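Annotated in TrEMBL:
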{"type": "BINDING", "residues": "Ala13, Ser14, Ala15, Gly16, Ser17, Gly18, Lys19, Thr20", "note": "ATP binding site"}
{"type": "DOMAIN", "residues": "1-443", "note": "domain 'UvrD-like helicase ATP-binding'"}
{"type": "DOMAIN", "residues": "461-722", "note": "domain 'UvrD-like helicase C-terminal'"}
Amino acid sequence: MEIQFPHYVILKASAGSGKTTALTERFVYFLISNKVPYNSLRNILAITFSNNAAFEMKSRIMQWLKNIYFQEESSISRFSELTGLSNEELSFRAGEVLDEILNHYSDFQVKTIDSFMTSIFKASALDFDYNPEFEILMNNESLFRLSYDLFLKDVEENSIKTEFFNEIIEIINSNSNTYVWNPSERIFNEVKGLHLKINNTDKEFVFKKEYREILKNIEVKLEETMENIKKYIKFSGLEINRSTKILDEFDRIIESRNFKVLLTKGIKRIPVNKPKDQSLSQKYENILILWNRFVDVLKDYALYYALTFYLPYLEVYQSFKTLLNKIKQKECKIFIEDINKILSEYLNNSIVPDIYFRLGEKIHHFFIDEYQDTSPLQWNNLKFLIENALAESGSLFVVGDTKQAIYTFRGADYRIMKSLEEMEIFPSAAKVVKTLDKNYRSRKKIIDFVTEIFMNKVLKHSAYAEAGKFAGFNECQQITKESNMEGYVEVKNFVEDEETEIKQYIAECIRDITQRGYQLRDISILAFKNEHVITISQWLNELNMPFISYSSLDVRKRKVTSEILSLLRFLDSPIDDFSFSVFLLGDIFKRIIKRDGEKFSAEEFLIKYRDETTLYKHFERDFPQLWEKYFRQLFKLSGYLPIYDLVSVALDNFKVFETMPEEEATFIKLLDLVKQFEENGYNSIKDLIDFFETPTDDTIWNITTPTEINAIQVMTIHKAKGLGFPIVFVYLENNNKPKNRYVLHEDDRGVNVLKITNQIAEKNELLLKIKDEEKKSEIIDLLNTLYVAFTRAEDELYVLCRTDKEDKLPFDILSEYYGSEIGTKSYKDKPLSLLEHSELTASHYPLLLDFAISDEIIHFNEKKRGDFIHMLLAQIEYLEENFLENIDALIDILNKHLHTNFLPSEIKPLIIDMIDHPEIGKFFKQRYEKIFNEMEVIDKEGIIHRIDRVVIDKDSVTVIEYKTGSQQQEHLSQIKLYMNLISDIFKDKRVEGYLYYLDLREVKRVD
């Protein structure tokens, strides 16, 4: 195969046509061929849009290379034909490439677009005026929440922000069928949604306050025009057209100045009848002129009403964004979605980071998978590098299918692929457009059904034809693989309230399918929304059918995760009776009690002590053997062990892998997430709980399920993208769109946030055009999602339509097939793997702690006790009158603030003994120039050190450190470091140090 460079290839690959095979085959060809310039591993980059896709692509490339190296017949034959090399030459070259990959794995560049852009940004941090130590947040929820909470603190009565919030609340309630009692969360979601939308473009929101003034001026014109129409009609002698009601409302509208009512009224017919008397014709013409003027003014009013309606949202968003950016800068953090925007802004301003030049010298060949899912920002940032590669004998290879563009809500724009195909984007390079037209996944009847629906029903439907053609459904027809004849399609309709019938139908179908030799894992049920997935999961649960619900694979939604978090809350704060009660009532504790034959009723215990506090004390007293067996060790280790080790000990204590084998994957994922949490520098139970309770959609929370598990798979259509299943059920239900949501329209000025209803659109041609485009995009999204769903099926497709509205998409194009059974059902032999393999379970060995646990070394809350005493001493500058009386109140205040329960009788003597100590007490009793408690000092490396007490006098500075427990060598090193830091600040003063051991009542002086 002879390829001319430079060139770019657009490969149009419909569902099941082998696009990943084509892409990986070409990648391997580039690596092993002697006809491709710049073909070392580091010269080639493949970009995907998910980690799973990147992993699959890498795996396939490695498999191709191994097959060639071992001269597997079909692989060696294929690449011999492509490259013209002999078998031995191919094998040798494949071996070289494999060695290169293994020795320089970082040069094996198959990565997600986010990871590639992140690497560029990190390498150019200084170019963008960012600290090189900044942290990229894949999940922005917690920082967003923090910023929003701080933002709300400034929303005070009679402030400008409050005015905007009140306007937003009015908007929310006008767009909702019910009154919104807590608008704060709704506003948070709207603000976050705006942020995500604008970060997907290289523009900013159009935010012009003068639009309000323009709207007021238009209202004045409207009023004048309406008054003129009224007066002229009154004295014209013309007959009023009673079929138009708008004239009757002119007075009320003018009086109330509620001009927006006009947008809901019909204006096509003028309010007078055409006269038969020719003498009145001129008056009629005059009224017609006035009415047309009114229509023109109302057209302008509609436009500026649409532009200003959501200005309160933008006011709040702009203020919030300013605060958010300050917090990000202060905490040295950046959102992953910010990166593309920042890069794009620099490139648009012709500022090219150095890393681009370095990459331009390195990367010569680009492969992009799922090209239809590229966003304009991503493409803009890649385009610069691709242009450079094509200018130097490089290449671009993109694979995609506009019919499968279902991620427009994330900013993806399939029009980028269409423009690359139809326009000369890179005029200096040859363009090649190819189509993969054979379907290797689905059987013939399924392919025929899909073709019939989309090429005939959609493209011949007056309302959908334009959208369907634009999405590419005129190129929907595929050739069936020779061995994939027959197949089966069944379409069934149900009335919305026929839940029992649907459930019974699914059960009967699944029983029939399994009787024909299929396994449960061969079956997938797909739905549009997560709530539909949850409903289907409930049905399968009621039917006692094993299933994996991909909406419940979030480890945070598992009941046992909640129980472990409750246990940790209790260990962190033993007076948290609620968390202790939740754990006692949970499955983890019930299972271990049952396994060990212990007699305990959590319900009876909690009822008995329902009016008491500090429940664990009652539990320890009433059930000492249970406390000793399950809780005592954890109680002592809390605050001493790292979080990961503490959770490991907890799981071992309650033998969860033995008593709850069905939740094994949950516990393993839980440990993995705790490990990641610790690696990010956190190690407190409170932070871990906040980490788990932050609502995000990140894939990091998903539990990995074994591929061989024999269970029905239930997921959204979006999750199923790229997958295939022998049997597919597609569940379709009415999708109720939110009422009157804003419309985003991008033009040369930026992104406009518009309110456009059907009635408003009728008053202005531009708004009508925008509304039609929005409707077309919605139709394309729905059609594409339906296409993805239907094309997941390999052998059999079952379409379940649950609706009472058969005149809406997609039911109107499917209704003709209700009750249809197309093709022949398949039979399958039971797979050998199930006959021959026995079930294997993972081994979990008891956790052996390699340190002694004694009350002397690990006293309950030892660390908290030390922190508490330090915080107490930080409140004392000098001994004031009534100090001894006030110290009890201070201990009580700190207990409430820190959720602790230290007794004054335990803490107070330590403080009194220290103050009475002859060497230390003087630093609390005498007056000095300045006292600093918890003084923060930054060293040359930028590390912050906090010194317990610094006493500054005329000629000297004294550094004091308090310690609980026994003397340690590192204490001496620590105070010497602090003294050196203080010496650098107070160069003209003598510095001395004291270590005071509160429990030992001993002092150590350091010069």
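Positions of Cβ are set from backbone N, Cα and C atoms, glycine also.
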Which residues in the same chain, at least 6 apart in sequence, have a Cβ under 8 Å from the Cβ of Ala15 (ATP binding site)?
-> Asp401, Lys403, Gln404, Asn439, Arg441, Ser442, Tyr787, Val788, Thr791, Arg792
Mean per-residue pLDDT computed across the domain 'UvrD-like helicase ATP-binding' (1-443) = 89
Where does Lys19 (ATP binding site) sit in DSSP terms: helix, strand, or coil?
-> helix
Among Gly16, Thr20, all listed as binding-site residues, which has the most CB atoms within 10 Å of its CB?
-> Gly16
Once DSSP output is merged into helix, strand and coil, Ala13 (ATP binding site) belongs to strand
Starting from the Cβ of Ala13 (ATP binding site), draw a 10 Å sphere and report how many other Cβ atoms land inside it.
-> 24
